[in-house]
């Protein structure tokens with residue numbers, strides 16, 4: 001195991017969050033170890049000073065420790081092993097902690113809600129990235145080498161093979177989301193997956209594609225399986241709640257036989273009658289809102305300028321349902337490259353700080369260690385190690401990101417919208433081959449590269465002019 005996530009470090013973190021008895025849950029996203037806590041008053045905020053920890057975000061019931069990509073997963077696995085060896089609490093202590101946890105939840109409802117999205121979508125992100133990269137590379141090769149869509153031979157076969165993963169992922173994505181969502185909301189994953197599959201089935205007997213459900217109406221009422229991800233999330237939440245209510249009254253001997261059966265019947269009825277139409281309306285409204293924001297240069301600037309703040313508070317995972325809605329409505333994720341400009345603005349700010357710092361200062365060492373991950377789309381080392389502790393550079397980094405978002409918004413406003421070819425992917429320079437547009441991959445790559453360049457330059461200029469005054473540059 002790497003030094004940064006040694007057992008000594010994890011034991012220290014465990015002690016500083018109040019010990020094993022204060023841990024309610026242990027999980028991770030791409031870059032953070034997420035520890036749910038019963039009592040936040042027991043948490044020592046100086047965890048962020050530990051060597052190997054790149055930052056800490058504290059909420060009323062969760063501690064997010066920033067390690068970085070890959071390391072967060074290893075840290076979570078090791079921490080889970082440590083927690084598994086922890087002594088069992090007595091009933092009185094558990095009751096007292098549950099009371100404190102309930103009180104904390106009353107003041108953090110929004111963060112609790114958004115944290116669910118991390119639980120649902122974080123396990124899917126590596127697949128999004130892999131499938132998106134393969135699709136982007138295949139599309140780039142086909143464009144550069146002028147390979148027709150109906151071409152035959154080894155190269156076309158290889159390109160089709162690279163593209164098939166993206167098709168498979170997005171064809172059956174709702175089933176994966178339904179499974180994870182049902183679990184996140186406290187239900188059984190397979191029940192959520194089965195309910196999600198109802199949104200995939202076809203209800204038109206004359207259709208020549210898809211999977212026919214076997215009926216075209218629900219007891220005489222029309223079926224309109226719209227809403228996709230939004231509807232599936234609502235249905236999975238309802239499924240978990242209904243399962244909990246059914247299990248509360250179900251005798252233990254009949255639980256395995258009847259609980260899921262009754263849950264599926266009730267949830268499917270609600271899905272056909274209420275959730276599918278409701279999800280469709282919400283889906284259309286959300287798509288309309290963000291499509292209009294994406295085509296509005298000022299809206300793009302605001303979104304890009306505020307995204308770093310969302311990352312700091314750990315609520316950026318809340319955008320993932322929007323990404324999926326845009327994929328369904330546009331065929332690409334036009335919001336993601338706009339938000340990616342936030343990280344590019346931070347790179348420009350960090351370079352300005354490096355330029356203004358003394359040759360052998362600690363700040364220069366910090367920037368050198370964090371700039372490469374920043375260029376590749378991993379922004380936490382720059383946020384928590386360089387810009388946020390000095391505040392002014394963090395603000396100018398946000399302004400640099402806003403300038404990049406404004407650039408992409410202007411290009412879209414002039415008639416060339418572009419976006420990511422996947423619901424989620426890497427940002428920074430790594431995302432270049434994942435860009436796509438109605439005019440092809442090369443114009444999309446050029447626009448994205450232009451936005452990054454604008455954000456770099458503006459972040460550098462804003463920080464040089466306004467972000468270094470009365471700021472510690474040592």
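Glycine is no exception: its Cβ is also placed from the backbone N, Cα and C atoms.
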(message) Quick test of your reading of the annotation: per Swiss-Prot, do residue 52 and residue 392 share a side of the membrane?
(response) yes
(request) Would you mind listing the long-range same-chain contacts of the transmembrane segment (218-238), meaning Cβ under 8 Å and 6+ residues beyond its ends? (result) 120, 173-174, 177-178, 181-182, 185, 187, 192, 195-196, 198-201, 203, 267, 269-273, 275-284, 286, 321, 324-325, 328
(request) Would you mind listing, in sequence order, the residues at least six apart from residue 29 (active site, phosphocysteine intermediate) in the same chain with a Cβ closer than 8 Å to its Cβ? (result) 72, 118, 122, 317
(request) Could you give me the DSSP helix, strand and coil counts for the topological domain 'Periplasmic' (145-157)? (result) 4 helix, 0 strand, 9 coil
